[in-house]
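Have a look at the structure below before the remarks.
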Ligand SMILES: [Zn+2]
Ligand SMILES: [Zn+2]
């Protein structure tokens, strides 16, 4: 006999251990959508006449995010959604996800802009990865991607930049900052963190577990790839991921409590520790905390 949904008579498709609920397709989708709407309302209220840039890699997280933002805001004539994808120039990796991003934006009828490292920085990620350097490839890629997205979002007059981080990503980041004792970075994780010169980053999926994002993507015919980059081997994040997955398995709800506990502490924290005012980069003008921005530093400009 099949297991039934706790909210209706249909067959259950998923068991949420942290809530103790068996849910059918309809009620599972409703649950995900409700959480995303609540996150937006609670942390990042959308006002009239906003332009929202959405970072879309073509992997499952950003695809679900774009699909949902379009579902929630697409009917509002005063809201402009623009998908931004970044082609880092990683052979054999980005092409497929970019095609998926193109497919999705045209399916939804959302404006889509593809930015490239080659155009912006005159070199591809493959070229950067092959050079001698102090930092790992991921930190380069992350910094350069952030910078290019922020620059374009500003240029477009966007008031928000949506990033597809899910609950697992957020819980890992919080735990890593705890382990490193990086309080300044923790303050910047508190939503909404408004900094002059930086478009407000919003994370509508921060309360959705990665597995549920994948399930939602599957049920709605959205791209399923994780978008995992061939250079991705941030050692500490992998260890923290394993640790949190193990904890979640033994104590369902751990990731949720880590995030919601952090949000409570963070509110107090942000009052105690004011966020440093930003300067602008001497070379490119991007908002940053010292004379040169991270992107210019990493690219060895002086
Ligand atoms: Zn149901
Ligand atoms: Zn710069």
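Heads up, residue numbers simply count up from 1 along the chain you see.
Cβ from N, Cα, C; glycine included.
From the candidate list 32, 86, 143, the residue TrEMBL records in the ATP site shared with 55, 56, 57, 61, 164, 169 is 86.
The Zn(2+) 1 site is set by 5, 8, 24, 27; from the centre of their CB atoms, other residues of the chain with a CB within 8 Å are 4, 6, 7, 9, 10, 12, 22, 23, 25, 26, 28.
Within its own chain, the domain '2-thiouridine synthetase TtuA-like N-terminal LIM' (4-28) has Cβ neighbours under 8 Å at 209, 212, 215-216, 219, 248, 252-253, 256, counting only residues six or more beyond its boundaries. Checked against ligand 2, the binding-site residues 5, 24, 27, 55, 164, 169 give no residue with a Cβ less than 6 Å away from one of its atoms. Distance from the CA of residue 281 (Zn(2+) 2 binding site) to the CA of residue 24 (Zn(2+) 1 binding site) is 51 Å. A separation of roughly 22 Å, to the nearest angstrom, links the Cα atoms of residue 164 (ATP binding site) and residue 27 (Zn(2+) 1 binding site). Cβ neighbours of residue 27 (Zn(2+) 1 binding site) (same chain, under 8 Å, six or more residues apart in sequence): 5, 6, 7, 8, 10.
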